[in-house]
C-alpha cells in the first residue's frame, strides 16, 4: 500500500513525471481498438459459421451467444484478479497479448483450408471435425479472455493516472471520451469491417481485426514507462465471502434489539461513519457481532481472524448487493432481446437492402442503426429534453434512475413486438413468392421494416443501459465502484446464457414429431415470428416484474438525500 501511495506522489510533484493526462490517449486507444477488433468479427459471425463451417443456424447462434456471454463475463474475473493479485497494468498487458493471439488464430481459420470443413470453390461442406472445432473455439476463448483483461481494468487504470482532487475536470472528460470513442469503435466494427467482410472476403475481413488488436497492444505498451502502477488491494468479493462465513459461524448468537445503541457490540472501522448495522437482512448482522473481545480482537482492536468477524461496512456492502439483485435480473432478461441480432442478420440478408441502385446495406450493418440510435437519444435527452423541460417547469428537472430503467424496459417490449410483426410479413411474402425451399431468396420487402427494432433497442439501451450503471454505482458503496461498473456486463453475460437456453428449448420442443423448428435454418419454413412473440410475452412480464421490484426496493439513496435536503 505504501508503494502505491509513493507512486502516486509524482502526480502532485514534478520530480518524477509519471501518470497524468498524457497517458490517457494510450489507455483510451487500447480499449477503443480492442472493441473495434472484437465487435468487427461479431456481426458476420453467423454467416461465417453457417457458410464456412456448415453449422445449423440454431447451433451457430448458440456458439455466438455463449461466446458473447464469455466476453461479457470475463471482465468480472479480470476485475477480481486485477484488484486482488496482479494489478491493473499486468491484467491489461496480459489481456492484450492473449487477445491478439486469439484474433490471429481466428484469422487462420479463414486462411488455412484444412481448418474448416467447407470447400469455398465447390460450396460443399462436411461436418466439422473435432480438431477443427477445437481450433475455432480456442481462438474465441482467447479473444474473450483478452477482452476481459482489457475491459476490466482500462477505465480504472486511467483514473489511477490522475489526481482525483486536482484533475476532477480531466476525469470527467476522460469518461466522456472513453464512451464516445468506444461507441465510435463499435460503429466502425459493425459497419466498415462488416462491409469489407461481405465484399472482400473473410481473409481480408478478419485480417483487419488482427491489425486493430495489434495497434491496441502496441498503444498500451508504448507508455509503459509513464504509467502509475498501483499495487493490488483486497477485493470486495472475498470480503463478501467472509461476511457469509462469519454470519454462519455466529448463527447461534442472539442479536440485540435494534433500539439498543452500539456500545462495542458491533465491530466497525475506526474511521467508519456506520456505528450500527441496518435492520434489513438482520441475520447478516451476526457477522459483525462481537462474541468475546479477547478472542476476536487484538489489544489495538484489530481482527485476529477475518473469517470469524466482519466490519459493519462489509456487512452493509454485502446487503447492498443482495438488495439490488431483483432489479439486476430485469436487466439480465432485457439482454435476451438484445441477443437476437444473429437472426436479424439472416432476415436482413433475405430482404431488399438497396438504399440506392448502386449501394446496398450489408446485412450485418443493420446494428449500426442501433448504435446511432443510442447516441442520438442520449444527445436528445441531455441537450434538448432536459433543458426544455427544466425551462418550462422553471426548475431543474430530470428523470429518476428507476424511471429511466423502466422506460427502457417498456421500449424493449415494443421493439420485440415490431420485430415479430416484421418477420410475420417477411415470411408470408417469402412463401407467396415461392422461396419456401430457398431460404437465401430475396423477397420484395425493404429491410427498413427492421429499422423500428433498431431504433427502439437504441432507445432502451440509452435509458435502461445507462440507468443500470447509474443505479449500481449510486446504490453500492464507493469501495465497490469497480464491481458496480461490472454488474451490467455480468447481466448481459447471464442474459446471453439464458437466451441460449431458451433458444435450445424452443428448438427442441417445436421440431418434435417431424415438424419444422420455429428457429429452423430455413427461416422461411420456420416461425421466427412465433419465437419473437414468445419473447414479447417474456419482456412484458419482465417489465411488470421491474415495476413490482422497484416498488419493494423503495427510494434510491440519491432520492433519500434529495428528500432530506428538501426537508431541511
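Along the chain as shown, residues are numbered 1 onward.
Just so you know, glycine gets a Cβ as well, placed from its N, Cα and C.
Curation plays no part in TrEMBL annotations; they are all automatic predictions.
Feature annotations, courtesy of TrEMBL:
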type: TRANSMEM; residues: 64-82; note: transmembrane segment
type: TRANSMEM; residues: 89-112; note: transmembrane segment
type: TRANSMEM; residues: 132-153; note: transmembrane segment
type: TRANSMEM; residues: 174-196; note: transmembrane segment
type: TRANSMEM; residues: 202-223; note: transmembrane segment
type: TRANSMEM; residues: 324-343; note: transmembrane segment
type: TRANSMEM; residues: 363-384; note: transmembrane segment
type: TRANSMEM; residues: 405-422; note: transmembrane segment
type: TRANSMEM; residues: 530-549; note: transmembrane segment
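For the transmembrane segment (202-223), same-chain residues at least 6 beyond its ends with a Cβ under 8 Å from one of its own Cβ atoms are 22-23, 26-27, 29-34, 36-38, 40-41, 44, 48, 52, 92-93, 96-97, 99-100, 103-104, 106-107, 110-111, 146, 150, 189, 193, 196. Distant neighbours of the transmembrane segment (363-384): 43-44, 47, 183, 186-187, 190-191, 194-195, 197-198, 341, 344-346, 348-349, 353, 447, 450-451, 454-455, 457-459, 461-463, 465-466; these residues of the same chain sit at least 6 beyond its ends, with a Cβ under 8 Å from one of its Cβ atoms.
Long-range neighbours of the transmembrane segment (132-153) within the same chain, counting only residues 6 or more positions beyond its ends whose Cβ lies under 8 Å from a Cβ of the stretch, are 30-31, 34, 38, 41, 53, 63, 67, 70-71, 73-79, 82, 88-89, 91-103, 105-106, 108-109, 115-117, 213, 216, 486, 489. For the transmembrane segment (405-422), the partner stretch with the highest count of Cβ pairs under 8 angstroms, out of 64-82, 89-112, 324-343, 530-549, is 530-549. Of the ranges 64-82, 89-112, 530-549, the one with the most Cβ pairs under 8 Å to the transmembrane segment (324-343) is 530-549. Outside the transmembrane segment (64-82) by six or more residues, the chain places 38, 42, 45-46, 49, 88, 90-91, 95, 140-141, 143-145, 147-149, 151-153, 232, 235, 237, 339, 342, 482-483, 486, 489-490, 492-497, 499-500, 503 with a CB less than 8 A from a CB of the stretch.
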